[in-house]
Amino acid sequence: MNIWEIILENNIEKLKQIKNISKNQLKERKKGKTILHFAIKKKVSFEIIEYLISKGVDINSKTNKNETVLHFACQSNSKEVIEYLISKGVDINVKTKQNETMLHFACQSNSLEVIEYLISKGVDINSKTNKNETVLHFACQSNSKEIIEYLISKGLDINSKTKQNETVLHFACQSNSKEVIEYLISKGVDINSKTKQNETVLHYACQSNSKEIIEYLISKGVDINVKTEKNKTVLHYACQSNSKEIIEYLISKGVDINVKTKQNETALHFACQSNSIEVIEYLISKGLDINAKTKQNETVLHFACQSNSKEIIEYLISKGVDINAKTKQNKTILHFACQSNSKEIIEYLISKGVDINVKTKQNKTVLHYACQYNSKQNIKRNTMLHYYFYAISKGVDINSKTNKNETVLHFACQSNSKEVIEYLISKGVDINSKTKQNKTILHFAIKKKVSFEVIEYLISKGVDINAKTKQNETVLHYACQSNSVEIIEYLISKGLDINAKTKQNETVLHFACQSVLILIQKQNKMKQFYILLTKQNRMKQFYILLVNLIQEVIEYLISKGLDINSKKLLNI
């Protein structure tokens, strides 16, 4: 059991049994967080926090988002930990990259005691985030009338708006606290204020599924027929929340049931995405056109096929929706179903006669879609393997290529499923097929940061490791953007040229700098790279890269001999 697992168990005795906790263990990061960030976020005992700090963990470390351990403590609601960290010198005024203060974090935790303490220690109560959100906006999402009253008593502007023109009432309407909403209105917050997208507080309330709040807002005079910039009514919003009771109420109050969005979407389109057959039946009974199409020619069945409800799909087909309708991009409902990864629905649609070999305008088959969307979602590999077996057995063209010359294997190599890749190769898909940009499946795999195991497997099967794109990019260039030193080392050990340049004269170091990966530290190639770079005639791009890198990388480059004041660098 490693130190992270022990902390997750909140077990101080096991932690103390670890002899000689190394500096590397204390410096280790997961998803940008140190072990102390992790411990505080998981609300472990105060004793564990003290113990880690006594062992030398960096108390001032920040995450990739510039969050300190104190930000996490303020979110976790422990005044004891907050006081202790401040006593240890953690800066109370550090802001995240989004300009969030400790007080913004504390206002999400519902502890008035913590908020009062932070204000007493001098945290700026009027600070706003990059989106112009005040601490009152954050508090209004957290359902504590007591905290909201306190902040207003401290002079916070109740009519302050975010950059999107959202008031504190918009935020409160997402939290489902009628008490907070009533209080804010009693204090004079503008009830008719609209966001930049023309959303009223009623639009927000209709997303949060509280009929009581919706009734209250309408009783206070909020216009029920206001449309957003995209022409969405409150009914469109409500249809995404699956409450038949709210939808019936809105229609009874006179909301226009036939309004379409700028994309020509009806309320029925939205309902078909939201998995409530009861709502769909009700809307159809109210006269909504079951064959209505969006501007992209999408039917309600296209929308339903993204929702993974076979019951809804069967119902719509039984009501006469055109099963063979295609969008303007020539996508069938089967293409949409393949995005949602339900083998049961795919089998059902094929059994109803949907053509498995229809291609989109980009020349993508349903198998391209299945491979592509398997890579974007957390799907069990064996489920998708069963689908591939099934689709291929039904005659889908396994060798079909898109307009960009991408095979199904290119798409599969963006996933992390060795089993799917093995299966497709066993079926004869060409492992060395290239796109129109000359990208191999290895370029695709490395760019999507798949596992080392998949990379090894592809190379073992004979994929051309030295292939270059039309821009002269090697797979090593791609690896240097993907932050995996293990893959970089492996590719170099396989003979990849570390000095290869693209058509833009970019080396792998340029790519590494873009991803803030100190490749040079692992490869010990600084001198070689520096000589190479200073020989180039045009250094403008590299200079811009350098001045935009984080301080850690710049300091490292300078420590290795890079003179950022060099005339060669400044000769642009």
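Heads up, the Cβ atoms here are built off N, Cα and C, so glycines get one too.
Keep in mind that what you see is a predicted model, and the values were worked out from it rather than measured.
Positions annotated as repeat 'ANK' by TrEMBL: 31-64, 65-97, 131-163, 164-196, 197-229, 230-262, 263-295, 296-328, 329-361, 404-436, 437-470, 471-503 (among others).
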The DSSP breakdown of the repeat 'ANK' (437-470) into helix, strand and coil residues is 16 helix, 0 strand, 18 coil
Who are the long-range neighbours of the repeat 'ANK' (230-262) in its own chain, taking Cβ under 8 Å and residues 6 or more past its ends? 197, 200, 202-203, 206-209, 211, 214-215, 218, 224, 268, 270-271, 273-276, 278-279, 282-283, 286-288, 292, 295
Other than its close neighbours in sequence, what residues sit by the repeat 'ANK' (164-196), given a CB gap under 8 Å and a spacing of at least six beyond its ends? 131, 134, 136-138, 140-145, 148-149, 152, 158, 202, 204-205, 207-210, 212-213, 216-217, 220-223, 226, 229
What average pLDDT is reported by the model for the repeat 'ANK' (263-295)? 96
